[in-house]
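**Student:** From TrEMBL, here are the annotated features:
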type	residues	note
BINDING	Ser10, Phe11, His18, Gly93, Ile94, Arg95, Glu103, His127, Ala128, His129, Val130, Ser131, Ser132, Ser133	ATP binding site
BINDING	Ser10, Lys42, Leu78, Lys92	substrate binding site
DOMAIN	7-137	domain 'Cytidyltransferase-like'
SITE	His18	site 'Transition state stabilizer'
Amino acid sequence: MSTIAVVPGSFDPVTLGHLDVIGRAAGIFDEVHVLVVHNPDKSALLPIAQRVSLIQQAIADGGLPENIIVTSWSVGLLVDYCVEVGAKVLVKGIRSQVDVAYETPMAIVNRNLSGVETVFLLPDPAHAHVSSSLVRQVAGLGGDVSPYVPPVVAEFLQSPR
Ligand code: PNS
């Protein structure tokens with residue numbers, strides 16, 4: 001039986017750090033579902049469909065493995081999606097102890113809700129300082145975000161909309 005892992009997140013927008021974790025997950029699990037989820041604690045920059053499209057393009061451009069699908073989930077719990085598709089694992093990237101503190105309660109609640117386990121992966125330290133919120137801020141103030149995001153995202157953010 002194939003093992004499905006879900007990599008959830010806001011991905012607003014997807015960064016090089018996210019792609020690093022997605023690629024590592026795709027090297028471990030048979031099938032990886034990158035799941036764009038609305039985070040009510042964050043104010044969104046991009047519509048969900050735009051985020052999905054940018055991730056799909058970045059994955060294609062980056063030559064990542066073909067066992068990755070990108071989709072979104074807007075109804076109910078994250079683990080409801082996992083149960084629906086038969087995924088037993090969530091994958092989260094951990095950049096620092098701050099991420100551990102943020103992710104640990106969610107991992108335990110998700111396991112209590114559904115039995116779905118969370119696996120933490122360490123991205124390349126080169127991406128340790130990269131976050132979508134910093135990218136949103138730099139892009140919003142007219143700065144160059146190309147060191148932090150895939151080219152398709154940099155072009156999108158820096159083009160007039
Ligand atoms: O990229 P983010 O914003 O850190 O991702 C957080 C996200 C979207 C994965 C998290 O907010 C989430 O899991 N939302 C789904 C709602 C849910 O299921 N909550 C209960 C369990 S924690």
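Don't overthink the numbers, they just go from 1 along the chain as shown.
Note: Cβ is positioned from N, Cα and C throughout, glycine not excepted.
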**Student:** Counting by DSSP, what is the helix, strand and coil composition of the domain 'Cytidyltransferase-like' (7-137)?
**Tutor:** 62 helix, 26 strand, 43 coil
**Student:** Out of His18, Lys42, Lys92, which of the binding-site residues is least crowded by other Cβ atoms within 10 Å?
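**Tutor:** If we count Cβ atoms within 10 Å for the binding-site residues His18, Lys42, Lys92, the smallest count is at Lys42.
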**Student:** Counting other CB atoms within 10 A of each CB, which of the binding-site residues Leu78, Ile94, Ala128, Val130 comes out lowest?
**Tutor:** Ala128
**Student:** Quick check on the binding-site residues Ser10, Ser132: which one has the highest count of other Cβ atoms within 10 Å of its Cβ?
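**Tutor:** Sorting the candidates by Cβ neighbours within 10 Å, the top entry is Ser132.
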**Student:** Checking proximity to ligand 1 here: which binding-site residues out of Ser10, Leu78, Ile94 have their Cβ closer than 6 Å to it?
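**Tutor:** Within range of ligand 1: Ser10, Leu78.
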**Student:** Could you tell me the mean pLDDT the prediction assigns to the domain 'Cytidyltransferase-like' (7-137)?
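**Tutor:** So the average pLDDT across the domain 'Cytidyltransferase-like' (7-137) works out to 97.
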**Student:** So around the substrate site, Ser10, Lys42, Leu78, Lys92 aside, which residues have their CB within 8 A of the centroid of those CB atoms?
**Tutor:** Pro8, Gly9, Val37, Asn39
**Student:** If you measure Lys92 (substrate binding site) to Ala128 (ATP binding site) at Cα, how many Å is it?
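**Tutor:** One finds 14 Å between the Cα atoms of these residues.
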**Student:** Near Glu103 (ATP binding site), which residues of its chain come within a Cβ-Cβ distance under 8 Å, counting only those 6 or more away in sequence?
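**Tutor:** Sequence-distant Cβ neighbours: Lys92, Ile94, Thr118, Phe120.
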**Student:** Considering each pair of residues in Ser10, Lys42, Leu78, Lys92, all listed as binding substrate, report the largest CA to CA distance in Å, no decimals.
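**Tutor:** Of all Cα pairs among the recorded substrate binders, the widest measures 18 Å.
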**Student:** About how far apart, in whole Å, are the alpha carbons (Cα) of Ser10 (ATP binding site) and Lys42 (substrate binding site)?
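**Tutor:** For Ser10 (ATP binding site) versus Lys42 (substrate binding site), the Cα atoms are 9 Å apart.
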**Student:** Between the Cα atoms of His18 (ATP binding site) and Leu78 (substrate binding site), what distance do you get, rounded to the nearest Å?
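**Tutor:** A Cα-Cα distance of 18 Å.
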**Student:** If one measures from the C-alpha of Leu78 (substrate binding site) to the C-alpha of Ser132 (ATP binding site), what distance in angstrom results, rounded to a whole number?
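**Tutor:** That comes out at 20 Å between the alpha carbons.
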